[in-house]
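Beneath this line is the structure, given in structure tokens, with notes to follow.
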Amino acid sequence: MALSVDSSWHRWQWRVRDGFPHCPSETTPLLSPEKGRQSYNLTQQRVVFPNNSIFHQDWEEVSRRYPGNRTCTTKYTLFTFLPRNLFEQFHRWANLYFLFLVILNWMPSMEVFHREITMLPLAIVLFVIMIKDGMEDFKRHRFDKAINCSNIRIYERKEQTYVQKCWKDVRVGDFIQMKCNEIVPADILLLFSSDPNGICHLETASLDGETNLKQRCVVKGFSQQEVQFEPELFHNTIVCEKPNNHLNKFKGYMEHPDQTRTGFGCESLLLRGCTIRNTEMAVGIVIYAGHETKAMLNNSGPRYKRSKIERRMNIDIFFCIGILILMCLIGAVGHSIWNGTFEEHPPFDVPDANGSFLPSALGGFYMFLTMIILLQVLIPISLYVSIELVKLGQVFFLSNDLDLYDEETDLSIQCRALNIAEDLGQIQYIFSDKTGTLTENKMVFRRCTIMGSEYSHQENAKRLETPKELDSDGEEWTQYQCLSFSARWAQDPATMRSQKGAQPLRRSQSARVPIQGHYRQRSMGHRESSQPPVAFSSSIEKDVTPDKNLLTKVRDAALWLETLSDSRPAKASLSTTSSIADFFLALTICNSVMVSTTTEPRQRVTIKPSSKALGTSLEKIQQLFQKLKLLSLSQSFSSTAPSDTDLGESLGANVATTDSDERDDASVCSGGDSTDDGGYRSSMWDQGDILESGSGTSLEEALEAPATDLARPEFCYEAESPDEAALVHAAHAYSFTLVSRTPEQVTVRLPQGTCLTFSLLCTLGFDSVRKRMSVVVRHPLTGEIVVYTKGADSVIMDLLEDPACVPDINMEKKLRKIRARTQKHLDLYARDGLRTLCIAKKVVSEEDFRRWASFRREAEASLDNRDELLMETAQHLENQLTLLGATGIEDRLQEGVPDTIATLREAGIQLWVLTGDKQETAVNIAHSCRLLNQTDTVYTINTENQETCESILNCALEELKQFRELQKPDRKLFGFRLPSKTPSITSEAVVPEAGLVIDGKTLNAIFQGKLEKKFLELTQYCRSVLCCRSTPLQKSMIVKLVRDKLRVMTLSIGDGANDVSMIQAADIGIGISGQEGMQAVMSSDFAITRFKHLKKLLLVHGHWCYSRLARMVVYYLYKNVCYVNLLFWYQFFCGFSSSTMIDYWQMIFFNLFFTSLPPLVFGVLDKDISAETLLALPELYKSGQNSECYNLSTFWISMVDAFYQSLICFFIPYLAYKGSDIDVFTFGTPINTISLTTILLHQAMEMKTWTIFHGVVLLGSFLMYFLVSLLYNATCVICNSPTNPYWVMEGQLSNPTFYLVCFLTPVVALLPRYFFLSLQGTCGKSLISKAQKIDKLPPDKRNLEIQSWRSRQRPAPVPEVARPTHHPVSSITGQDFSASTPKSSNPPKRKHVEESVLHEQRCGTECMRDDSCSGDSSAQLSSGEHLLGPNRIMAYSRGQTDMCRCSKRSSHRRSQSSLTI
């Protein structure tokens, strides 16, 4: 749809002539100003006109096309409730089935029961569901009414002021004014914020579950407003994308009156449902309203997954339908045969009105339909309701398991999917993320390398080796220091001098206090408030012990920074001092960390305007700083630094200490900005400038203790990524402190107290494609435009400046040396399991940046291909970088991860790790968590070529197949062993397990080359698979590939947004509540806090849920078939007339009351094996993987047993009462009683756990039957005419035959079942049977039996001869295979390497791991050699054995036999 409106150009000219000022903005001229009318395509974009006097007509024309802000989540109205609810209920085939039977029963020729009685069950079900749906919809109506009537201030055009209105009155284009703690009523574009920096703080917990605050900034050009926003002065048109459900994606542009454009994104959008925090006032214009808001578009309702048991049950239901049809056919044919035996029409065969009789064929068809009505219970429709109730009970007990509760986070397991709990007991493959899932995701700065020099931080390493030194409850040795503004200057000078040396930074976390066995957070601060004492605190490790050697160089670098002048050359030198300064500046600046002080409240507290102490003190401080900045820098360094006491005296009592301060310590730090002749902001001031020489502590003494200056305010850093927070804390340990951050500038405090304010020109955020982040700043001392970049080493190394392009030969050699040594250190860090990041910089000229910024603004203003253009502009800037160094961050393994992985592996579960980390880091973590063992044969494949990948997969697969052939037992014929082509190994010998390590590029080659089948076949021989450098899309593709091709049950577990696709692709998705937000949790089926909880969740609760539900389903199917067959056998004695010997009300009560509760209790509370035994014997989990409790054989065995029991229950009473003159109901009552007794006793035999509740339910059901029968038979005189069951039960209770039959028949009926269960328990070889025997033993004997079991199950040690030999691979012509690291930049050498040489190289590398790193060694083999070498069993030589021992001593992280291709 094209919409043509008057452009605001002419109206703007008219307004300018009347004296209205022009609103300045950062724009790019893209449109011609001569055009008087502008055309917009409303089908592809959204156009928003402001609701003010100038655009009133355009707003009226456009806004009526958009929905209002009134929301309605109800499904019904008062008039549509009854018909629509019935229509929805009859969409279920079960209700249609019952309705079909009711209609059939209303036909006179097919009537079996009373018509009203047949309608009653269906009517009750429909009525109950209708009441439930009505109550739920009424609750939604009340909620909608409360939301729609919430108050908000909307700008009224006629009154030209903000008016209090309801949310439902908001329209697209309205101006909305919001205050602190108010909820955003619609999706609003932020135009004004009371924050002087144009920032609005949001809490998005209602959308994504994250409690940390988010920053939103006003649109460019509106951030410098010093007065209130005036809607009448807004003369811009907004064009943006159509409504969608992407919470983190938004793009559009603002067209100004001069037809220039300013682009904006999601950083300026306030989403509906968020809460304004720490911002007194925010004003914006409504972009999306009502059901078009992103929050409403994301309310798609709960996802429905069908469990494996339910899929199996649906198949068996079709078998039951087949049985029903067969029985009805027998009844129809039998009825025709029976009628054919009469030579004349019998008296009960009544003719129609014309006196004619039905033909035999038509009579048989009617009888077929009549038999369906009679045997309808054979289809267990109530089974679905029972299953839902059982699942609710299982989830209830699962959610209340204290073992799955995490004290640190105060969170327990969340069951977000109620219908797949039983699938937890059948998992065969687990796909896990690494960071935050296997590891803590609490990053700790471990070591770094700068300009090729490595700083190991040994003191930091020793401290970190102490397990959870700072996290233990009894060793909490720090207290939260709540420092006010005045405390910054209040410390005694002697305190500073006594704190010399490098000391670790103390944490400012709250102490944990035990309360009745559970831990809760107790504030240790002095400030009494309901809010947390630490605003925006992140649960990350902040303790860093500086390296003494690096600390000295940092001090020199800080002093060097002070000597810089405006004449600094454009091309920075590669000196160590300057590089160290730039390195720590990059750590401090290149991030998106939010800064606050520990005393900053969560919600802003306002003070009365009469309080002028704050303004007076700030004005004096600013005047003092302006005067002091006139001093020379050299004078400031020749003088000594001031003491805190003296500085406090000089400032006097004007320093504000109130918590309601509008400016925190960070704003005070940056209070002395000025503008020099160069046109850039030089924001640098020194604490030493404000006092005379000789007063207080010297600068040298201050630099000696950069990490212990407790007099300075304690800053809290809130980071989106734990990596960023760890780097900022590491820089803070060296006194490069991030003081404040705004959209316009970043302030950094140097070790000597000097504050530098960098103008923030542009921020290129991190994304999974670029794998890096950059900031463009203007240096306050030199005026240079500097690009600081950090990112993955695999990306940064390719973006560095080519040393060959450097004209200076010495500089070229130096660059190559730095690059090689940094890569060497990166490999060392990776082998130590550290996360690596490279730091680089680039100096950009003014002209280049101006040209690039113009392209960037055009990309931001683009609507169609905005993301592609932004990516392209980022790539144009992030190149020709200068390497500064790299960091190694430790991400500790979570507690219990190695034990959990080992246990899951014993349970027969294949574990794959899909991570985006580099290969060396992932492999190291895999060894640490026992995913890969020392004796594993590890295949590492790194290639981008499809042909090479196929050859490698074929050869590796061939070798593994041959080694598996060695494990097969010898073939025998009549007791004689047949000759074998390959030599066999002894039965005690075990061939080592294989592991596969593969990277993202190889995965691309596999998916693009149609090699998925070979890849999966290879993984079948591997115990563990490790996919490194994998993207979120690759993760989901792998999960779908394994799930669909192998037809196995899969589980994915992760904690980050990049794991969402993988979690949703698996049969069961588990999210971990970690440090990376709640997106993984919100998209998961279950949410846990620790990976170790997965062990009990699967092995115990998974086994129980599967075993209970599977056996309950089998029992339910058996119960219905057994009972219905009683009616079927009776048809052989009533001429297949569809008569019954049991009263119809008794039949209804049988399923409704008498046998409904025991299966529910059985499905919720039964425990076939105790939790302790299940955890001690993980092999028991394989019973669920193999579907031993419920499969095709168990179904048919139960069906045969049901037919047998029904035969016994019918024919023993028949023979007992044969020849007597009892009536039909007197004959049916014993059969009904016997059937109930047999079914309940069958249930009792299946129960493995007996409690008082079980006994009460079974006995109560049995007694209820007699109680209801006695009352019904005593009161029902004419209720079921003509055959009323009056006094039938009372008469049977006085008949001895009744007692004899009721006692003897169940025993005979259950004898085969009892014999089968006894034989299974005595001679059965299943693991479950053996475990049940062990479970019944006393605790001491049970523990001994479990130990004996585990000793028998433990595999034998791997003999020397059983280890496979690996030879280097012959390549296809022109292909290379790296024998060590995949990042080899040297040309490959064509040579042949024997097994011993490869093994020696590996062992030697491990023995010298701390001294050097493996170099770039590549090997390309001759075309005549085999890819993996010949497969043969060979004894290791003495030298090789010694080398193996060397490998064992040197590192536990390496495998005994590995091959990198």
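In case you wondered, yes, glycine gets a Cβ from its N, Cα and C as well.
What Swiss-Prot records for 1-82 (among others) is topological domain 'Cytoplasmic'.
Summarising the annotation, Swiss-Prot assigns transmembrane segment to 83-104 (among others).
Per Swiss-Prot, the feature transmembrane segment maps to 111-132 (among others); the stated evidence is sequence analysis.
According to Swiss-Prot, the topological domain 'Cytoplasmic' annotation covers 133-316 (among others).
Swiss-Prot lists 317-338 (among others) with the feature transmembrane segment. Within the chain carrying the transmembrane segment (317-338), a Cβ under 8 angstroms from the stretch's Cβ atoms is held by residues 360-361, 363-365, 367-372, 375, 378-380, 1117, 1120-1121, 1128, 1131-1132, 1135-1138, 1195, 1199, all 6 or more beyond its ends.
Residues 94, 97-98, 101, 104-105, 110, 112-113, 118, 310, 313, 317, 320-321, 323-324, 327-328, 331-332, 419, 1108-1109, 1112-1113, 1116-1117, 1120-1121, 1123-1124, 1127-1128, 1131, 1136, 1138, 1140, 1147, 1151, 1156, 1159-1160, 1163-1164 of the same chain lie 6 or more positions beyond the ends of the transmembrane segment (369-390) yet place their CB under 8 Å from a CB of it. The transmembrane segment feature in Swiss-Prot is assigned to 369-390 (among others); the stated evidence is sequence analysis.
Confidence annotation: the topological domain 'Cytoplasmic' (391-1111) carries a mean pLDDT of 73 in the model. The topological domain 'Cytoplasmic' annotation in Swiss-Prot covers 391-1111 (among others).
Here Swiss-Prot flags D433, K434, T435, E724, F766, K790, R835, T915, G916, D917, R1029, K1035, N1058, D1059 as ATP binding site, drawing on similarity to another entry. For the recorded site, T435 (ATP binding site), the DSSP three-state label reads coil. Counted within 10 Å of its Cβ, the other Cβ atoms near T435 (ATP binding site) come to 27, all protein chains included.
Summarising the annotation, Swiss-Prot assigns active site, 4-aspartylphosphate intermediate to D433.
Annotation source Swiss-Prot lists Mg(2+) binding site at D433, T435, D1055, D1059, citing similarity to another entry. The Cβ of D433 (ATP binding site) lies under 8 Å from the Cβ of V913, L914, T915, I1053, G1054, D1055, G1056, N1058, D1059, M1062, each on the same chain and at least six residues away in sequence.
Sequence annotations record features per position, and here Swiss-Prot assigns compositional bias 'Polar residues' to 496-511 (among others).
Annotated region 'Disordered' per Swiss-Prot: 496-541 (among others), in sequence order.
Here Swiss-Prot flags 530-539 (among others) as compositional bias 'Polar residues'.
Positions annotated as region 'Disordered' by Swiss-Prot: 640-687 (among others).
Among the features that Swiss-Prot reports, transmembrane segment is placed at 1112-1132 (among others), with the record citing sequence analysis.
The transmembrane segment annotation in Swiss-Prot covers 1145-1164 (among others) and rests on sequence analysis. With a cut-off of 8 Å between Cβ atoms, the residues of this chain six or more beyond the transmembrane segment (1145-1164) that come close are 117, 120-121, 377, 382, 386-387, 389-390, 393-394, 397, 1108-1109, 1111-1112, 1115-1116, 1119-1120, 1123, 1232, 1236, 1239-1240, 1243, 1246-1247, 1253-1254, 1257-1258, 1260-1261, 1264-1265, 1268-1269, 1272, 1276, 1279-1280, 1285.
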CB neighbours of N1058 (ATP binding site) within 10 A?
-> 22
Stretch-level contact, the transmembrane segment (1224-1246) and the transmembrane segment (1112-1132), CB cutoff 8 A, at least 3 pairs = yes
May I have the DSSP-based helix, strand and coil counts for the residues of the topological domain 'Cytoplasmic' (1165-1194)?
-> 18 helix, 0 strand, 12 coil
Sequence-remote contacts (6 or more beyond its ends) of the transmembrane segment (1112-1132), Cβ cut-off under 8 Å?
-> 309, 313, 316, 320, 323, 327, 331, 334, 371, 374-375, 377-380, 383, 386-387, 390, 1138-1142, 1150-1151, 1155, 1159, 1162-1163, 1189-1190, 1194-1195, 1198-1199, 1201-1203, 1205-1207, 1209-1211, 1231-1232, 1235, 1238-1239, 1242-1243, 1246
DSSP three-state assignment for D1055 (Mg(2+) binding site) = coil
Give the sequence-ordered list of residues that share a chain with G916 (ATP binding site), lie 6 or more positions from it, and have CB atoms under 8 Å from its CB.
-> T435, S768, C1028, R1029, S1030, T1031, N1058
Who are the chain neighbours of the topological domain 'Cytoplasmic' (1165-1194) in space, where the CB to CB distance is under 8 Å and they lie at least 6 residues beyond its ends?
-> 308-309, 312, 393, 425-428, 903-904, 906-909, 1049, 1095-1096, 1098-1100, 1102-1104, 1106-1108, 1110-1111, 1113-1114, 1247-1249, 1251, 1253-1254, 1326-1328, 1331-1332, 1334-1335, 1342, 1346, 1349-1350, 1353
Residues sitting near the topological domain 'Cytoplasmic' (1247-1252): Cβ under 8 Å, six or more positions beyond its termini, same chain?
-> 1162, 1165-1169, 1332
Could you give the number of helix, strand and coil residues in the topological domain 'Cytoplasmic' (1247-1252) as assigned by DSSP?
-> 1 helix, 0 strand, 5 coil
Around the Cβ of D1059 (Mg(2+) binding site), the count of other Cβ atoms that are within 10 Å | 32
Which residues in the same chain, at least 6 apart in sequence, have a Cβ under 8 Å from the Cβ of R835 (ATP binding site)?
-> T435, M443, D723, G888, I889, E890, D891, D917, T921
If you draw a 10 Å sphere on the Cβ of D1055 (Mg(2+) binding site), how many other Cβ atoms land inside?
-> 31
Does DSSP put R835 (ATP binding site) in a helix, in a strand, or in coil?
-> strand
